[in-house]
Amino acid sequence: MESPIQIFRGEPGPTCAPSACLLPNSSSWFPNWAESDSNGSVGSEDQQLEPAHISPAIPVIITAVYSVVFVVGLVGNSLVMFVIIRYTKMKTATNIYIFNLALADALVTTTMPFQSAVYLMNSWPFGDVLCKIVISIDYYNMFTSIFTLTMMSVDRYIAVCHPVKALDFRTPLKAKIINICIWLLASSVGISAIVLGGTKVREDVDVIECSLQFPDDEYSWWDLFMKICVFVFAFVIPVLIIIVCYTLMILRLKSVRLLSGSREKDRNLRRITKLVLVVVAVFIICWTPIHIFILVEALGSTSHSTAVLSSYYFCIALGYTNSSLNPVLYAFLDENFKRCFRDFCFPIKMRMERQSTNRVRNTVQDPASMRDVGGMNKPV
């Protein structure tokens, strides 16, 4: 998919939003509406499509959405990372994976201002180096996020279905090692994005695009190959693993009443499993539309109507919105995160509440608070 500054040749359109450059064909999320010529080059001068008339309000709306994603996502994910580092009780295996997910989401939210500028200016004005960095962050986010969610699901499966093995496998240290391996694995794609990414002047429309640069004579081949690889390795296989893990967990949860030795541990186990399931489900809901859209476009089955293009932009925005949703989910679904968030945001209020609770506990903790002296109970 070309990363055209214009979705259709002949009329200005949104440029390749580099942080949307998650799927290749010069690795833009924007589909290659311009057809390739016989040599594989994209958008030849003799093959032009009628432009779709996109409302000027669409870039403004997208910019507003990305602004919210930027603020909520960056602040929220930074807060998640802070409380995991700050509070010892939060350094569990599951939370180590959550830290990794928050790091990837926080990084990708930093690209939102650049995306917004590209939508509004219809060109990439930030230079070649920043273009490479932004594209690389996109790829890192895409692969580290889905790989981390997959490992979180495997971690939950082991905790629920193999509690004895979980004692050795589910440790914070091993979770950290797995996170490092995830980033190293994602680097095979992220570093490639740095090498291939760059700016290109589109003289026919007088704009600059930021995208992966493939040889023109092999463009169509690389386009299809990269799209299929991304779809299979960054979506289909991880989602299938997640589905298998949660299917086995559901069967296990239905077959036994008590998973661990105590009801409190069992309740915590089910609560954390539910949290991970919701986070995974929201991720899949947010990213499935754009993956399907890209796959359909790669097969040449999309029309070039205004409605289709508008839907495409909505799918892109929905995918990036996921980066700001996870901190909200933690705050509502996990009591430990909720308590730590409140402790950070309202330290004085929380300190006063703890002092009040401690005073109440001290007054009722010992029923023998009266000492019998001379046949009479007197306060000590």
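For all residues, glycine too, the Cβ spot is worked out from N, Cα and C.
The disulfide entry in Swiss-Prot for C131 points, among C181, C210, C229, to C210. Under the topological domain names given by Swiss-Prot, S55 lies on the same membrane side as T306. Between the transmembrane segment (133-154) and the transmembrane segment (58-85), fewer than three CB pairs separated by 6 or more residues in sequence fall under 8 Å, so the two stretches do not touch. Using a 10 Å Cβ-Cβ cutoff, C345 (S-palmitoyl cysteine) registers 10 neighbours. A Cα-Cα distance of 35 Å separates C345 (S-palmitoyl cysteine) from C131 (disulfide bond). For the topological domain 'Cytoplasmic' (334-380), the model's pLDDT averages out at 64.
Cβ atoms under 8 Å from those of the transmembrane segment (174-196) belong to residues 21, 27, 93-94, 96-97, 99-100, 132-133, 135-140, 143-144, 147-148, 151, 155, 212-214 of the same chain, restricted to positions at least 6 beyond its ends. Sequence-remote contacts of a segment are chain residues at least 6 beyond its ends whose Cβ falls under 8 Å from one of its Cβ atoms, and for the transmembrane segment (275-296) they are 1, 23, 29, 31, 94, 101, 145-146, 149, 152-153, 155-156, 227, 231, 235, 239, 242, 246, 302, 311-312, 315-316, 318-319, 321-322, 325-326, 329-330, 333-334.
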